Amino acid sequence: MRLRHVVSSLDLTRDDYFRIFELVDKFSNVKKLNYLSGKVVSLAFFEPSTRTAQSFHTAAIKLGADVIGFASEESTSIAKGENLADTIRMLNNYSNCIVMRHKFDGAALFASEISDIPIINAGDGKHEHPTQALIDLYTIYKVFGEIDGRTFGLLGDLKYARTVNSLLRALTRFKPKKVFLISPSQLKVRREILDGLNYPVIETENPYDVIQDIDVLYVTRIQKERFVDEVEYEKVKESYVVDLKLVNMMKKDGIILHPLPRVTEIDRKVDKTTNAKYFYQASLAVPVRMALFYEVLGERKDD
């Protein structure tokens, strides 16, 4: 069954995740295919992006699709006063799928409710970023050969980081042993996210208390752009730095992931350790998004 909209990590079942993982394996080393020849993908980035926009663009081209779109709200008619609904309706006339990033929570869900073509959420405010969770989980799957039974540690800004929300929700489709949530008290995971989880969660402020138990350390930057109060940001902006001291306490086969961009939360010296997998993680963005495009737009025998 073809996927419709991908607004949240919860839009994918466990079977969906594994089916996409199999497709990523097939797409990882290809130069160009024609599976989406004749299709048009709209990249509707109302909020600026570099890595996400470019990887979606590349993924679509490598599958043979044409790509249209915009890289900021200022380059659209919204700058002239057009509302979001009308913009989405217009893009429906030009394309077969909309990849959308927006600064407001829930914008992708709103778009999916009025769109006749699939919406893929490329990040909406502090809400979700489901395709990043796909990349995260595929990285873990490739490194360990499994996701079930692993102990996770999510460190940093767990309140505003949409990548954290999507990963936590995606993990409900698997069987993690437990998840440590490591953050300052001001940046804890929001209650509405915690209430939907079905696995053991332990909150702490000290990574040194739990680092020896962690298989996957997922680090996020402090989201300066999400803070309303500059003073509050200054209080927490350098709460944690993953350095060699911390890494040397990890399991030998433990891994460090980061959705990027990185600021100061991971010391550059960590890059050369065998635990650092965040650049490998980033290298998987294109084939993962190719697999998702194929699931959403590709011709399938069961359609």
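Glycine too: its Cβ is placed from the backbone N, Cα and C atoms.
As recorded in Swiss-Prot, the features of this protein are as follows:
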BINDING   ARG51, THR52, ARG101, HIS129, GLN132, LEU260, PRO261  carbamoyl phosphate binding site
BINDING   LYS80, ARG162, ARG221  L-aspartate binding site
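In the three-state DSSP reading, ARG101 (carbamoyl phosphate binding site) counts as strand. Those same-chain residues not listed among ARG51, THR52, ARG101, HIS129, GLN132, LEU260, PRO261 yet with C-beta within 8 angstroms of the centroid of the carbamoyl phosphate site C-beta atoms are SER49, ALA122, GLY123, THR163, PRO259. Every protein chain considered, the tally of other Cβ atoms within 10 Å of the Cβ of LEU260 (carbamoyl phosphate binding site) stands at 19.
Contacts of HIS129 (carbamoyl phosphate binding site) defined by a Cβ separation under 8 A and a same-chain sequence distance of 6+ are given as ASN121, ALA122, GLY123, ARG162, THR163, ASN165, SER166, PRO259, in order along the sequence.
Only LEU260, PRO261, of the binding-site residues ARG51, THR52, LEU260, PRO261, have a C-alpha within 10 angstroms of the C-alpha of ARG221 (L-aspartate binding site). The binding-site residues considered are ARG51, ARG101, ARG162, ARG221; of these, ARG51 has the fewest other C-beta atoms within 10 angstroms of its C-beta. Long-range Cβ proximity for GLN132 (carbamoyl phosphate binding site), meaning a same-chain Cβ under 8 A and a gap of 6 or more residues, is found for THR52, GLY123, THR163, SER166, LEU167, PRO259. Cβ neighbour count within 10 Å across all protein chains ranks THR52 highest among the binding-site residues THR52, PRO261. ARG221 (L-aspartate binding site) falls outside any helix or strand according to DSSP and counts as coil.
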